[in-house]
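According to TrEMBL, the features are:
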- B:117-194: domain 'Beta-ketoacyl-[acyl-carrier-protein] synthase III N-terminal' (DOMAIN)
- B:Cys123: active site (ACT_SITE)
- B:253-342: domain 'Beta-ketoacyl-[acyl-carrier-protein] synthase III C-terminal' (DOMAIN)
- B:His269: active site (ACT_SITE)
- B:270-274: region 'ACP-binding' (REGION)
- B:Asn300: active site (ACT_SITE)
Amino acid sequence: MAATQEQILEGLAEIVNEIAGIPAEDVALDKSFTDDLDVDSLSMVEVVVAAEERFDVKIPDDDVKNLKTVGDAVDYILKHQG
Amino acid sequence: MTAKIRPSKGAPYARILGVGGYRPTRVVPNEEILKHIDSSDEWIRSRSGIATRHWAGPDETVAQMSVEAGGKAIADAGLTPEQIGAVVISTVSHFKQTPAVATEIAHLLGTGKPAAFDISAGCAGFGYGLTLARGMVTDGSAEYVLVIGVERLSDLTDLEDRATAFLFGDGAGAVVVGPSQEPAIGPTVWGSEGDKSDTITQTVPWGEYRIGDLSKLPLDSKGNVKFPAITQEGQSVFRWAVYEMAKVAQQALDEAGISADELDAFIPHQANMRIIDSMIKTLKLPEHVTVARDVETTGNTSAASIPLAMERLLATGQAKSGDTALVIGFGAGLVYAATVVTLP
């Protein structure tokens, strides 16, 4: 069953917490991965790969650079999840 | 009439008998890199784990660095140069197309008349050379083969590119491969993905300089024509290196019949500490496995990085002769090669 926006946000928050050590409650839709959450470009790849596995979605390299905020990522997953 | 041809006959197996390295005398700290780019020591360290690298001086040519490393490897193997039957050089930074630099290196080392040639396999060059050497020893083409990975990547570095200026280093790493009664170099898992050739590449082909169309040549901040440099798509390389190469590394273990628990050392291509750390996590390597982290003080030396890291692990006592090590190289091509070896 496809995940809801809320479930995706919760899942992403757990992933970001595990990879970058950011408190899960700081991961909100309007937060920028690089500027607000200190997730650098390489950690972002790890976040993306973990999200792909968790939400059964493919996020190609070319699309990764468009995912600036947590909201961008949630929307992308919502649209593309299997 | 088809006459009966006597077959070539080699050793039952091959092993690495000796290793040697050469690092240029000049150590370049991050502070020096920062003269050309807007960045910080902290940024460079956090993105790459690199603190210093060695850059070659005018006399530290590809040939000279190779002779130093090769001579050490031959001595470490307990051999003399005349016993070397083939010399394989892997490099992407020797700027004289012909003849192969391998012939000059063989001559300077005082070998007799070995087979000598260069290969171009980027950061997988050591694994490619090792695989050729294993084949030569076991098919009887050469009893002892000298394999050298050597680079002067400082010559292919864009000092004004903040994404790559700090990455590369110079140096040479060599091994001698010879006969063995026991298997000591496992099956090689290797390959290429030419559809990703733009992921890591030289900025401009040499031919463009001959044509001389300035609009197609890179210019520096002062408007001068720049030498070509190595450029890469960082995120794509990182994803491929960590996740795809972890599968290749696992396959090399499986094909060698070695479990991660039996492994003593992991010597990946020294591309970037972040790649190494994530690879270990993805591979789920046990704590007891010694991991080569030479990139911190040597930078990324492409084909030279694995033998240089191997030499350092052995020289510092972090690994010892007879240990079982997983080696994996990966880079521009994209190309890769992984195998399990017994350390010399």
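Placement of Cβ uses the backbone N, Cα and C atoms for every residue, glycine included.
In TrEMBL, annotation is done automatically, which means it is predicted and not curated.
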Integer Cα-Cα distance in angstrom, B:Asn300 (active site) to B:Cys123 (active site): 9
Same-chain residues at least 6 apart in sequence whose Cβ lies under 8 Å from B:His269 (active site): B:Cys123, B:Ala124, B:Phe126, B:Asn300, B:Ser302, B:Ser305, B:Ile306, B:Ile328, B:Gly329, B:Phe330, B:Gly331
For B:Asn300 (active site), the number of other Cβ atoms found within 10 Å of its own Cβ: 25
For B:Cys123 (active site), the number of other Cβ atoms found within 10 Å of its own Cβ: 32
Rounded mean pLDDT for the residues that make up the domain 'Beta-ketoacyl-[acyl-carrier-protein] synthase III C-terminal' (B:253-342): 97
Counts of helix, strand and coil residues, the domain 'Beta-ketoacyl-[acyl-carrier-protein] synthase III C-terminal' (B:253-342), according to DSSP: 36 helix, 23 strand, 31 coil
